[in-house]
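Okay, so here's the structure we're looking at.
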Amino acid sequence: MATFTKSCVILSIISLFACCTNAQLVNNFYATTCPSLETTVRNTMTSAIKNESRIGASILRLFFHDCFVNGCDGSILLDDTATFTGEKNAAPNRNSARGFEVIDAIKTSVEASCNATVSCADILALAARDGVFLLGGPSWIVPLGRRDARTASQTAANNQIPSPFSDLSTLTSMFSAKGLTANDLTVLSGAHTIGQGECRLFRTRIYNETNIDPNFATLRKTTCPLSGGDTNLAPLDTLTPTTFDNNYYKDLVAKKGLFHSDQVLFNNGSQDSLVTSYSTNSATFLNDFAAAMIKLSRISPLTGTNGEIRKNCRLVN
């Protein structure tokens, strides 16, 4: 009996240790420590989107770029310093990643009511969800409990964030490396139903590619010349660029994808049938998008005692 009891105690200690060192994200993580969190995030995002509807897309892009580099750990929010190199100046982010001031504003409000409790990584995950919802898209329960990275990787940001010039096989491989399927790729690309793209990122498509509606190409050329105008913007969704809906997929079927990486999803390949389905069934797309966002948000989070709760989202404590 003594041996049995001793074994049970050892197993209990091992189980407790496993629980504490392999902490998982949970839906109600801040229910008692910061019950006002989600209201605070929603209120700030509501004000930000009223001021500029594009900010919803910008925050969503920040979240994607954060999660694709060493997981959803808030590393994209860190500024470069004399002794620290962050991810903001990596090629996919330099002069295009935006919305940091909104995250700062949310963090300031959250700190006022829940000091040193909520991570910047969790704030970004919630803000991305709210941006989608406030622009007409779905909502979902965001699993929480992430902690903030003390490190960042400009090299990983340069190499692991998908490019608008990528073909389908490259995109599929890059998503697979993060535990995401080809179908996840297609539904998460639906984030391009909001937001805008720079001329330098779609110039080659509108001037050189053939799987493009000629009238669409002509229209885009009016603000994207062969040389110059690199940062001129065009909507990623031609129909409702500030509403989160399924019109992005209607554009793909019509060969009006803005980026090469958009149109490859509908180009006589493996994702054609899913694109067609989403183009005709909004409810299916919105439901699948919410589920894929939850899956994305679970990529390699720091939990338990790993990482930290930053006081300032731009700087390591």
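Including glycine, each Cβ sits where the backbone N, Cα and C put it.
As annotated in TrEMBL, C114 shares a disulfide bond with C34, one of the listed residues C19, C20, C34, C199. The disulfide entry in TrEMBL for C67 points, among C20, C72, to C72. The Cβ of R61 (site 'Transition state stabilizer') lies under 8 Å from the Cβ of A97, G99, A191, G195, each of which sits 6+ residues away along the same chain.
For H65 (active site, proton acceptor), the number of other Cβ atoms no farther than 10 Å from its own Cβ, over all displayed protein chains, is 22.
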